[in-house]
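For reference, Swiss-Prot has these:
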- Gly13, 19-20, 40-44, 66-67, Ile94, Lys164, 193-197: NADP(+) binding site (BINDING)
- Arg40: site 'Critical for cofactor specificity' (SITE)
- Lys41: site 'Critical for cofactor specificity' (SITE)
- Ala97: substrate binding site (BINDING)
- Tyr147: active site, proton acceptor (ACT_SITE)
- Tyr157: active site, proton acceptor (ACT_SITE)
Amino acid sequence: MLNLENKTYVIMGIANKRSIAFGVAKVLDQLGAKLVFTYRKERSRKELEKLLEQLNQPEAHLYQIDVQSDEEVINGFEQIGKDVGNIDGVYHSIAFANMEDLRGRFSETSREGFLLAQDISSYSLTIVAHEAKKLMPEGGSIVATTYLGGEFAVQNYNVMGVAKASLEANVKYLALDLGPDNIRVNAISAGPIRTLSAKGVGGFNTILKEIEERAPLKRNVDQVEVGKTAAYLLSDLSSGVTGENIHVDSGFHAIK
């Protein structure tokens, strides 16, 4: 069994118990890793504190970081470094788009809505990687959550699909840029999961049903399955893997 004792990871993007990032946290926790969590708003901190009761973490390392603020990202990671020292990796599961930009026609996306989705869902990985690098002097791993809508046009995914496409390109360029520092950057393309974010996608139940009917495994995946792949990518088991996008979607990406 993989042992991640003496490893420290920052997890970004837990909103509630259904969050993909919480599935990642549960797996890393079971493997013995020390976990550091970031959140955006105070209500998210309260939710995190409740969820921590389900984990085996001896201390609660919680930091408020709004990724739309350079200052908060810079200061947040600086404080993490002061409190816990160097880290071994980051799991980035942050994305946002306005509801109207997900439900309407893509061609009607506003400039403001387009840029907002890009800023939170893609650029945030760039600045997070820049600051996290300072805490990984001997190398490490950064993993981001994406979705098939970044590779293909998926009905009702709209502006978020474009943001995920940007995120996936971001992963590749960060992998190239940070490779000499022995920092690997990868993505996990997770199948549709009932998360808080998924509520904004129109026809989500239809998407879930299509996976059950057409995917090779004939079922949908869950947060913990994504967490298992994240553990692989964040650990030394994947030491030769970077710039990759691994699909955890019951094989749906492989069929027509």
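Note: Cβ is positioned from N, Cα and C throughout, glycine not excepted.
Other Cβ atoms within 10 Å of the Cβ of Gly13 (NADP(+) binding site) number 25 in total over all chains. Counting Cβ atoms from all protein chains shown, Ala97 (substrate binding site) has 25 others lying within 10 Å of its own Cβ. For Tyr147 (active site, proton acceptor) paired with Val67 (NADP(+) binding site), the C-alpha to C-alpha distance reads 20 Å. All protein chains included, Arg40 (NADP(+) binding site) registers 20 other Cβ atoms within 10 Å of its own Cβ. When the Cα of Ile193 (NADP(+) binding site) is compared against those of the recorded positions Lys41, Ala97, Tyr157, the shortest separation belongs to Tyr157. For the residue listed as 'substrate binding site', the nearest of the recorded positions Lys41, Arg43, Val67, Tyr157 in terms of C-alpha separation is Tyr157.
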